[in-house]
Amino acid sequence: MGLLECCARCLVGAPFASLVATGLCFFGVALFCGCGHEALTGTEKLIETYFSKNYQDYEYLINVIHAFQYVIYGTASFFFLYGALLLAEGFYTTGAVRQIFGDYKTTICGKGLSATVTGGQKGRGSRGQHQAHSLERVCHCLGKWLGHPDKFVGITYALTVVWLLVFACSAVPVYIYFNTWTTCQSIAFPSKTSASIGSLCADARMYGVLPWNAFPGKVCGSNLLSICKTAEFQMTFHLFIAAFVGAAATLVSLLTFMIAATYNFAVLKLMGRGTKF
């Protein structure tokens with residue numbers, strides 16, 4: 001069997017939905033975590049520079065920002081690991097379905113992988129046999145866990161609900177920055193509003209970013225317009241938008257994972273039909 005035919009047979013059983021969802025998950029998490037981390041840093045600098053001169057006013061905010069940044073590190077690590085596990089589950093379940101119902105045949109690729117895991121031909125040294133045995137045990141344990149798609153359905157469902165809340169929360173800073181940017185546009189083009197320029201303000205206290213006793217806590221008029229024109233404000237605003245898009249992409253990937261895992265579970269346990277997920 002040629003290499004091309006071998007690859008073609010392997011692709012027949014590839015879980016394409018899981019492959020797409022994994023790529024989307026990695027992209028979304030990287031975008032959300034990377035841009036979100038830098039956007040929080042930019043917000044901290046903007047608050048320190050323009051909205052409050054007293055460190056005690058924004059000390060709690062800085063602690064919250066730093067805590068969120070540490071959570072971002074953990075989120076990135078978890079999702080990259082869990083995405084890889086879900087992809088492995090997709091391959092495992094697809095192979096199981098096709099083996100059970102005769103749609104998936106063992107190829108030279110599978111035989112070669114099996115030989116690699118089990119140590120190959122005789123004549124290997126004891127060190128090579130020990131390494132192969134250890135790898136075989138790891139694969140066996142992983143295979144036993146991957147053999148329960150219902151677990152992945154439950155975990156992914158719970159994770160999707162949690163991430164839905166994260167997605168909603170990621171829209172809050174976008175809303176705040178958009179309101180500030182809209183106010184700046186009204187200041188830049190006074191003909192669009194009947195209010196005086198001096199009364200148009202961005203109040204960080206109104207959104208709970210700063211306590212009500214913070215001074216000045218808000219910026220108005222031409223001072224606010226000058227802030228909106230800074231590269232720091234523009235960059236932070238766009239970073240929050242990118243983080244929001246990343247959260248949306250991650251949510252879509254989780255929904256795709258959940259649908260694929262649920263469908264595979266139903267096929268294996270109830271329907272008895274093959275699937276390409």
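From the backbone N, Cα and C atoms, a Cβ is placed for every residue, glycine too.
These features come from Swiss-Prot:
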{"type": "TOPO_DOM", "residues": "2-9", "note": "topological domain 'Cytoplasmic'"}
{"type": "LIPID", "residues": "Cys6", "note": "S-palmitoyl cysteine"}
{"type": "LIPID", "residues": "Cys7", "note": "S-palmitoyl cysteine"}
{"type": "LIPID", "residues": "Cys10", "note": "S-palmitoyl cysteine"}
{"type": "TRANSMEM", "residues": "10-36", "note": "transmembrane segment"}
{"type": "TOPO_DOM", "residues": "37-63", "note": "topological domain 'Extracellular'"}
{"type": "TRANSMEM", "residues": "64-88", "note": "transmembrane segment"}
{"type": "TOPO_DOM", "residues": "89-151", "note": "topological domain 'Cytoplasmic'"}
{"type": "LIPID", "residues": "Cys109", "note": "S-palmitoyl cysteine"}
{"type": "MOD_RES", "residues": "Ser114", "note": "phosphoserine"}
{"type": "MOD_RES", "residues": "Thr116", "note": "phosphothreonine"}
{"type": "MOD_RES", "residues": "Thr118", "note": "phosphothreonine"}
{"type": "LIPID", "residues": "Cys139", "note": "S-palmitoyl cysteine"}
{"type": "LIPID", "residues": "Cys141", "note": "S-palmitoyl cysteine"}
{"type": "TRANSMEM", "residues": "152-177", "note": "transmembrane segment"}
{"type": "TOPO_DOM", "residues": "178-233", "note": "topological domain 'Extracellular'"}
{"type": "DISULFID", "residues": "Cys184-Cys228", "note": "disulfide bond"}
{"type": "LIPID", "residues": "Ser199", "note": "O-palmitoyl serine"}
{"type": "DISULFID", "residues": "Cys201-Cys220", "note": "disulfide bond"}
{"type": "TRANSMEM", "residues": "234-260", "note": "transmembrane segment"}
{"type": "TOPO_DOM", "residues": "261-277", "note": "topological domain 'Cytoplasmic'"}
Of the recorded positions listed as Cys184, Ser199, Cys228, the one whose CA lies nearest the CA of Cys220 (disulfide bond): Ser199
Residues of the topological domain 'Extracellular' (37-63) by DSSP state, where helix covers H, G and I: 24 helix, 1 strand, 2 coil
Chain residues in Cβ proximity to the transmembrane segment (234-260) (below 8 Å; excluding those fewer than six residues from its ends, i.e. six or more beyond): 15, 17-18, 20-22, 24-25, 27-33, 35-36, 38-39, 42-43, 46, 79, 83, 86, 90, 152-153, 156-157, 159-160, 163-164, 166-167, 170-171, 173-174, 177-178, 181, 228, 277
Integer Å distance between the CA atoms belonging to Cys228 (disulfide bond) and Cys201 (disulfide bond): 12
Secondary structure of Cys201 (disulfide bond) (DSSP, helix/strand/coil): strand
For the topological domain 'Extracellular' (178-233), residues assigned helix / strand / coil by DSSP: 32 helix, 7 strand, 17 coil
Beyond the flanks of the topological domain 'Extracellular' (37-63) by 6 or more, those residues with Cβ under 8 Å of it: 69, 72, 173, 204, 209-211, 213-219, 223, 227, 232-233, 235-236, 239-240, 243
Cys184 (disulfide bond) and Ser199 (O-palmitoyl serine), distance between Cα atoms, whole Å: 12
Neighbourhood of Cys184 (disulfide bond), C-beta criterion under 8 angstroms, separation at least six: Leu224, Leu225, Ile227, Cys228, Lys229
Packing count at the residue listed as 'O-palmitoyl serine' (other Cβ atoms within 10 Å of its Cβ): 9
Within the predicted model, mean pLDDT of the topological domain 'Cytoplasmic' (261-277): 63
Neighbouring C-beta atoms (10 Å sphere around the C-beta of Cys228 (disulfide bond)): 20
